[in-house]
Ligand code: TXD
């Protein structure tokens, strides 16, 4: 690497300047993590959002470049491409209703973005998440470790919140783990979810644990139902930020991410939420936890569900 590129600012391209994308741009700039390029198909929207964010920079005290654009050439040489482009769920819609329409969008986005940033790491956010990550991996032709999906960090943060509310302890004292596909079949893991190291089944009765797991599984729908227009974006953008930071700062953090499985957990050739070590290479390692038979079965069901849909959309779109 030459000196100029070693010292150039880190750059994150965010494709999809909607609620999640624009909130993520704000978090990245305000925490001084990287320069941001915000891209959308809608003309004026990313430019307007970028200018608005830039005009706040003196007030909040950062010096990051924020560009809004409709042109992929402006995303050139990004270190990370985050894909949030697509349509969100409407009330009553499942994440899978979005399969076809968002599949076409993420394929197009991935093909354009990789042409300008061939070395980038890709973090996919668009729903239905695990299937979309697979499409992006295929479309970019990158090694699978450089392409991952964000969902588990958000689902775990929701579980963490519900545990903290139930036990009246600060959320920072709670560490929660949720695996599986980003959908109703996700697999919260109570015995790997702790308060200062104490597994929650030691602190809560089984019915309460089950209630919190259930609320976590439907955490996205709960917000969609309340908002009526659009979905969650504050916690999602904070969760993406955590992954982007882990990659850019090469933190080797253990985070649940949608990663490509080649036999781990007995699953093959699909993207699914599992605990990963995340750093500059992307997914450095997949951790295989010991699961109960019931959890193992749930993870298999979640994997089967994702795999069928992945194969279906691959046939239709590729
Ligand atoms: O945990 C997770 N993975 C998720 C996923 C958490 C929250 C949101 N989740 C999904 O992310 C959600 O179901 C959607 O599929 C995406 C984006 O959610 P957001 O709430 O930000 O949706 P918006 O506000 O509708 O923004 C989508 C933007 C919007 O500005 C469109 O104009 C743009 O995407 N869009 C495109 N940009 C570029 N290129 C193309 N082709 C395109 N099509 C739409």
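Backbone N, Cα and C atoms are what each Cβ position is placed from, and that goes for glycine too.
What TrEMBL says about a protein is an automatic prediction, not a curated fact.
Feature annotations, reproduced from TrEMBL:
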- 11-149: domain 'Lactate/malate dehydrogenase N-terminal' (DOMAIN)
- 16, 17, 18, 19, 20, 21, 40, 102, 125, 126, 127: NAD(+) binding site (BINDING)
- 89, 95, 127, 158: substrate binding site (BINDING)
- 154-314: domain 'Lactate/malate dehydrogenase C-terminal' (DOMAIN)
- 182: active site, proton acceptor (ACT_SITE)
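Cβ-based neighbour count (10 Å, all protein chains) for residue 158 (substrate binding site) stands at 24.
All protein chains included, residue 127 (NAD(+) binding site) registers 27 other Cβ atoms within 10 Å of its own Cβ. Mean predicted confidence for the domain 'Lactate/malate dehydrogenase N-terminal' (11-149): the pLDDT average there is 95.
Of all Cβ atoms in the shown protein chains, 20 besides its own fall within 10 Å of the Cβ of residue 18 (NAD(+) binding site).
Listed in sequence order, 15, 16, 17, 18, 21, 46, 68, 70, 85 are the same-chain residues six or more apart from residue 40 (NAD(+) binding site) with CB atoms under 8 A from its CB.
With respect to residue 182 (active site, proton acceptor), the closest of these binding-site residues in Cα terms is 125, chosen from 20, 125, 158.
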